[in-house]
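Novice: Take this structure first; my questions come after.
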Amino acid sequence: MAATVTHDTLTTDSEQVFDKKTWMGGVEPMKVSYGKLMMWFFLISDTFTFSALLVTYGLIRYSYPAWDPAVFGEVFKFSNLYWPTPEKVYNSVPFLHGVDLPLIFVGIMTFILIFSSVTMVLAVEAGHRMDRKDVEKYMLWTILGGFTFLGSQAWEWSHFIHGTETGTTITELINGQAIQRTIFGANLVENQYGPPAFADLFFFITGFHGTHVFSGVVLNILIFYRASTGLYERRGHYEMVEKVGLYWHFVDLVWVFVFTFFYLV
Amino acid sequence: MATVSANPAIVAHATEHDHHEPQSFWRKYIFSEDHKTIAKQYLISGILWSIIGISLSVMFRLQLGFPNLKLGFLRPVLGSWINETDKLDPDFYLALVTMHGTIMVFFVLTAGLSGTFSNFLIPLQVGARDMASGFLNMLSYWFFFIASVVMFSSMFIETGPAAGGWVIYPPLSALPQAHKGSELGMTLWLISMALFIVSQLLGGINYITTVINLRTRGMSFSKLPLTIWAFLLTAILGLISFPVLLSAALLLIFDRSFGTSFYLSEIYIKGEALPNVGGSPILFQHLFWFLGHPEVYIVILPALGMTSEIIATNARKPIFGYRAMIASMMGIAFLAFIVWAHHMFVTGMNPFLGSIFMFLTLIIAVPSAVKAFNYITTLWRGNIRFTPAMLFSIGLVSFFISGGITGLILGNSALDIQLHDTYFVVAHFHLVMGAASAFGLLAGVYHWFPKMFGRMLDEKLGYVHFWLTFIGIYLVFFPMHYVGIAGFPRRYYAFTSYDFTKNIFADMNAFISLAAIFTFAAQWVFIYNFVNSLIRGKRATQNPWKSNTLEWTTPIIPGHGNWVGEIPAVYRWPYDYSKPGAKDDFIPQNVPYSQTPESNLPHENELISLESEIEAQNLNDQFKQPH
């Protein structure tokens, strides 16, 4: 778009960028097009959306004690008295039923998402070379990575919702009487793995992130379609790939934080 | 990269601007992408909302001032919210307060003020053909419009609109069984605000990008009018704070509708224990005020920016301390994010943390005082022209000072224990952010009406409007401080149960209500003036206020692209008023130093050599680019 026009009229010399002319008006500073600038500012605001959610997580998380063997017994078991240890909650992998594989599956998911960022970089780079074939190829890999991540997340959610085979027995106080009940899995109201807040936050934050990934995949498909019909070739540049790429990297970066908070801390 | 100019599609696109097809009515006036039309849409919406918002306040003022008054005459408007004994329904009283706050803060003083003037003035004052993205700008207005429709419709449902106060604190707002106003009304409130936030983000991203990317040649940041600085900082504040409200609102929606417990814990309601555990209502307050506090600066900063411009123009003097003004706005914008907890001193916060927030809060007095003194020193020995816009700007300075001083009292975490949630707070923020911003908005309308509509507002009616409003507002809010010091809490339906409330303060409340009705009535002078001048006003000249900024170099009614031919280049700052030696008392920004040797200062003579360089750097004209 706008950036490419100025690219040709101005020199692309990198030392020119910090020239005093940069901010003198009549020119787009550092030749950043308005679209790219808008994407950056959108990402800044979205950062604050996620920050608010992660602050919420932190505040509620630390209002609960962690599992302490000295207090709650040597063997870890699920209880709504303390925040569960993530390795004990997320320890399943599809087709390996009953095997304790702590954080393996989410590790694979994370790797896939980060790898899709790599293919996105390659697509952007191919766009700079005006190589339509390569843009198509790497966009397709990125889309595939995105869908795989979403599918994995769906499995993870489903597993989390259905729960373990034995479930957890909880004691409830109903009309002054203590009643025991076994619950399986988690939803927004009750949770076999720990306090309901744990499940609430898990569903809300990973769901909010998953919605972002999903919109990213939709955008990626749109870009792939437009690249493969030759629209960007006719336009003379692949800047749209770059802009959507920014969004995709952002979504990945957010996942790194979500992953850290939910699975590692 | 390939040579773009050789691409035939782009060349064709670039030249087609010379002969635009006439647009259909819908594209030109309704779904318009032109920033001037969108600004007018925001202005009209803002005026309509302000009539609704202020009417609501008059209704609850009637209840507060005259608790025994028969309100049966309101039945045609309020229907069964006036009960059989001709009294206002107490539930609906809370709804009135909530809607008044929400409408005035968000729909009038955010959308109506910054939506109108950021849209109108940013492209005109930085020298751009239009906003960076006209399409997103249009979307921004229509998201606001849908938000308006949702909010408006919530006033007509059976259980009434939201009634948890404009701050919608849970658990009241989170539990539908807690209050009538927490049922469907609150759901609609949340939907409306979510749409409103989307609108604000689309608008804000556009404003920031336009200021950064589309300044005309020569318009460096150090030559930007203070209006643009203010709009830029306002947009940044909104960009960072509104998303946090979005998160807070989404979590609240989940608590209300899907059984989560983010804000709820250990609640008994109507004798029944709720299952929710683990959440914290204080968490909502933190998230809300992380938006809520910057929001008050989102409201006041555009007003401060516009009045800086109007006061300099009409005092015929350069603004005093241009750079200090920018620095203090930056200071205010930065501090806005680290003082939110001063709204929460009495939530059981650690007093040590309270003292930190108190300290940070009181620092805001410094940049605010810098601004106040700069206004006064700009006026000092100026050649003042008392246009209505100037009067409203001076009125803003007055409100900003008298409302700001009580901010020092409230910002003190010890004094706040007594004053929290009393009418003292109400008086404070109505003066410093309500009335001051409203005066900024009115000053802006009086000043830029000629550029918007090509006609002048009637001056005499403007003077009448100013004096009635200025006196009226002080009559409303000055006594209110005393009511607050006496301990009257806000959001109470009636104060009839105690002896001390029955004598002097009942009279004072009646007086405040009369003054409020008087002030509301005075606004119809403005409405009449606005509509009448739109049709029959005196035709405007190109530069009626003899102002320096770029918008007055456009045709009287600027068309698509604002300037005919090239966008003017900028050579000087916007405040060359009454420059010694100059033949006029103003030199517009687009007059090069080479044409004014008689008034140039030595360092300005050196800038003459830069002029050819400035003129050559004409690379971001949107008409010359494919878009």
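In case you wondered, yes, glycine gets a Cβ from its N, Cα and C as well.
The following feature annotations were taken from TrEMBL:
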type	residues	note
DOMAIN	A:36-265	domain 'Heme-copper oxidase subunit III family profile'
TRANSMEM	A:40-60	transmembrane segment
TRANSMEM	A:103-126	transmembrane segment
TRANSMEM	A:138-155	transmembrane segment
TRANSMEM	A:201-225	transmembrane segment
TRANSMEM	A:246-264	transmembrane segment
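Looking at the shown structure, what environment does each listed feature sit in?
Specialist: Tertiary neighbourhood of the transmembrane segment (A:40-60): same-chain residues 197, 201, 204-205, 208-209, 212, 246-247, 250, 254, 257-258, 261-262, selected by CB-CB distance under 8 Å and a gap of 6+ residues from either end.
Sequence-distant contacts of the transmembrane segment (A:138-155), counting only residues of its own chain at least 6 positions beyond either end whose CB sits under 8 Å from a CB of the stretch, comprise 94, 105, 108-109, 112-113, 115-116, 119-120, 122-123, 126, 206, 210, 213-214, 216-217, 220-221, 223-224, 227, 241, 248.
Residues 46, 50, 53-54, 56-57, 60-61, 113, 136, 139-140, 142-143, 146-147, 149-150, 153, 157, 160, 186, 188, 240-241, 244, 247-248, 251, 254-255, 258, 261-262 of the same chain lie 6 or more positions beyond the ends of the transmembrane segment (A:201-225) yet place their CB under 8 Å from a CB of it.
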Novice: The domain 'Heme-copper oxidase subunit III family profile' (A:36-265): mean pLDDT?
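Specialist: In the predicted model, the domain 'Heme-copper oxidase subunit III family profile' (A:36-265) has a mean pLDDT of 92.
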